[in-house]
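Visitor: My questions will all concern the structure given below.
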Amino acid sequence: MSSEGAVHENGVDQGGVRSSQQDIMEFSNLLGSADSFFQGLLADKAALAAELAERRARRAVTAEQAEAKKLRLQAVQADIEAKKAELKRWQEETETLRNQYEEIKATVQERQIHLRELEASLPDVPATDRDSSSKEPSVNGPPFILVLIDASNAPFNEEAIRQGEIGGRDMGERVRWEVEKDLREHNIELEDEDEEPGVQPAVLTYVWHNRKALVFNLQQNKVIRSEDTWDRFLEGFMSNPSNQVMDTDSHPIDQFMARMIRTFGRCKSLKRIYLAGIHLETLYEACPEIRPQKADPFFIRVGPKMVLINHRETDDQREVLLSFGARVATFLRFFSSDNGLGADLGWAFRASTPPVGPGDQNHEEGDDDNGYGQVYEKRGFSGGGAWNKGGLGTPKSQMSGTSRRR
């Protein structure tokens, strides 16, 4: 073999080696690139897996929140339905009470209209006939007692008013109880020989007031929040058929009292007339026949039946009322004059002459030297209206003999 042929052969071999090395390097580079690519894929896979897990966790939390929200909404809806049912029940009850109130109101209005018609139908008696005892009619009938109250000047006890209908019922029953107590304290005999023995006098109570002004005053003094409380109190008070309450608006209450005194004063069966919240001067103007100084035959006939209630429960008012010439009684804590519409006009009045009438009207049997009745012992009275002297069940000797000053 020649030397040229050997060189050529060696040159070919060297070129092939270089080509193989290049291929190897390229393959290595490809392997490196593939490895980097796969590593990137793995990293992306891990990132996607983490993101997927995070989203699944958020979705789970969102689902729990949605479920909790759903439960809350269901609870709210159930509460709303319960409130609707309760509201419907209250609406039905309110409608029932409103209907009852309208019925009672209509009944009261009918009674007031009937009373006004009766009062309007009374004939006007001439003064000459009124002063002549020979022309007075003799009116017989079951015994009864009148209790006339000016509630604008002498409102009821504020605690009783706050109790609404219950307080009204209690005060309505207590009127008779207080009258019975007062008569027993003075050992007063009410039965006449010509009357049926054992018949208890009926206690008829008439209350007048300026409703609008009095309710406003009670609200200002925080006795009541709503006028409905006063209306319910009156409903309870008038649940006793012997009790009547009338709204006189701005008309003078003394005129109504005077009309009742004139109408029933001469009735033989009328045993007592209790007056509460009166203004002496204006009452004299409305009914001058009862002025003690005039010695009117009407006063001589009716004056002994009259009892003035010391609604303020003070010695000062007692002194003023005693000047009228009638006995003064106290219904303990029955009234609350602090809530009245004004002071008594009769405080400036003093009688200029002694009282005129049969006997001393300021001192009845059972009084002490100052005209005060005996201390009342509650357990000594039945409250059922046993009027005869021996019907107590508790001997008089067991009752306290001390006097009280109110």
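Cβ atoms here come from the backbone N, Cα and C positions, even for glycine.
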Visitor: May I ask you to indicate which of 120-139, 300-319 is given in TrEMBL as region 'Disordered'?
Guide: 120-139
Visitor: For the record in TrEMBL, which of the ranges 63-107, 153-197, 333-377 is the coiled coil one?
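Guide: Among 63-107, 153-197, 333-377, the range TrEMBL annotates as coiled coil is 63-107.
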Visitor: Where else in the chain does the coiled coil (63-107) make close Cβ contacts, counting only residues six or more beyond its ends and a cut-off under 8 Å?
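Guide: Sequence-distant neighbours of the coiled coil (63-107): 231, 235, 238.
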